[in-house]
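> Please read through the structure below; I'll follow up with questions.
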Amino acid sequence: MLTIYSDDHRLHHGRHELIGGQFTPCFEKPSRADMVLDRVKAVGLGEVRAPRDFGLEPIRRVHSEGFVRFLQNAWQDWLATGRSHDMLPIAWPTRRLRQTEPDNIDGRLGYYSFDAGAPITAGTWQAITSSANVALSGQSELANGARSVFSLCRPPGHHAAADYMGGYCFFNNAAIAAQAFLDRGAGRVAILDVDYHHGNGTQDIFYDRADVLFTSIHGDPRFEYPYFLGYADEKGNGVGTGYNFNYPLAAGSDWATWSQALQAAIRQIQAYAADALIVSLGVDTFKEDPISQFRLDSPDYLRMGEAIGKLGLATLFVMEGGYAVEEIGINAVNVLQGFEGVHR
């Protein structure tokens with residue numbers, strides 16, 4: 001399987017995030033992607049290739065012009081205030097507040113985010129545009145006839161919506177790739193999000209559309225981040241009704257429980273008859289992940305890949321979460337190897 005990867009991810013390395021009421025060193029760090037790449041090479045998964053540059057237009061097909069412009073200029077605007085530490089928001093436009101973009105950089109930072117878990121640094125812009133290009137390069141390979149590609153994206157993307165960032169995510173790589181499939185002639189695209197945390201951004205982007213099916217298996221939002229989307233009764237809106245399927249599971253869920261939700265999602269994908277499948281590949285479902293509470297073990301990821309491979313769809317794997325750094329490479333590549341063992 002071809003892997004698309006860029007060293008530019010290392011340019012984004014936030015020092016702290018706000019979690020559990022404390023500023024904590026970021027769990028989302030460069031060593032995550034480095035460990036996955038090392039495993040890709042160690043098992044001989046296939047060629048590793050740098051991404052092409054697709055410019056900003058494919059990103060603007062998903063993200064608002066104001067949001068893209070904010071991210072492009074954020075660091076320079078921050079420096080202009082005399083500050084050079086990482087950017088984190090302090091206020092958000094919640095219920096009954098005006099939804100008007102402020103002029104002040106701190107106000108804009110809150111306006112375009114939903115939490116304090118996506119620090120912007122000097123290298124963030126280059127890293128996030130490269131991450132989007134990693135996804136777009138994988139999509140392009142599939143559009144040109146490849147049957148499967150691994151886009152080793154970092155930073156991840158599935159918490160980012162059209163006009164907000166959060167949860168380590170800035171541009172929604174999976175959504176950008178899905179839109180690119182449609183723009184190149186696909187009629188229907190399915191997204192399967194297997195990250196422990198609900199892909200709220202991806203759901204938000206496609207919630208009122210029928211040309212993208214979104215399925216997600218994740219921790220119950222009554223108790224788990226991101227809390228405010230991911231319930232089973234969220235089925236889509238308008239013409240998108242019936243094209244959104246959430247499978248929230250209790251803390252402690254193991255493979256026996258998790259795999260039942262996977263089979264339910266697979267049935268929806270089969271019925272949808274998609275032209276392509278995008279897997280938002282988070283492996284923070286692992287039993288030793290420091291910020292998640294499922295109980296999957298490393299061999300379970302082989303079985304996960306096999307189940308996805310049996311769909312027989314042209315498939316793009318887009319890297320999302322996974323914070324047990326020593327095992328992230330083993331678990332992510334197990335999915336890919338399990339997939340390759342059965343995919344035709």
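Glycine residues also receive a Cβ, built from the backbone N, Cα and C atoms like all the rest.
What Swiss-Prot shows for this protein is this:
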type	residues	note
ACT_SITE	HIS159	active site, proton donor/acceptor
BINDING	ASP195, HIS197, ASP284	Zn(2+) binding site
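Would you situate these features in the structure and describe their surroundings?
Secondary structure at HIS159 (active site, proton donor/acceptor), as computed by DSSP, is coil.
DSSP classifies HIS197 (Zn(2+) binding site) as coil under the three-state reduction. The number of other CB atoms found within 10 A of the CB of HIS197 (Zn(2+) binding site), across every protein chain shown, is 27.
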> Determine which residues of this chain, when ASP195, HIS197, ASP284 are set aside, have a Cβ within 8 Å of the centroid of the Zn(2+) site's Cβ atoms, and list them as they appear in the sequence.
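These residues sit around the Zn(2+) site: TYR196, HIS218, GLY219, GLY282, THR285, SER292, GLU320, GLY321, GLY322.
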> Rounded to a whole angstrom, what is the C-alpha distance between ASP195 (Zn(2+) binding site) and HIS159 (active site, proton donor/acceptor)?
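Here the two Cα atoms are 11 Å apart.
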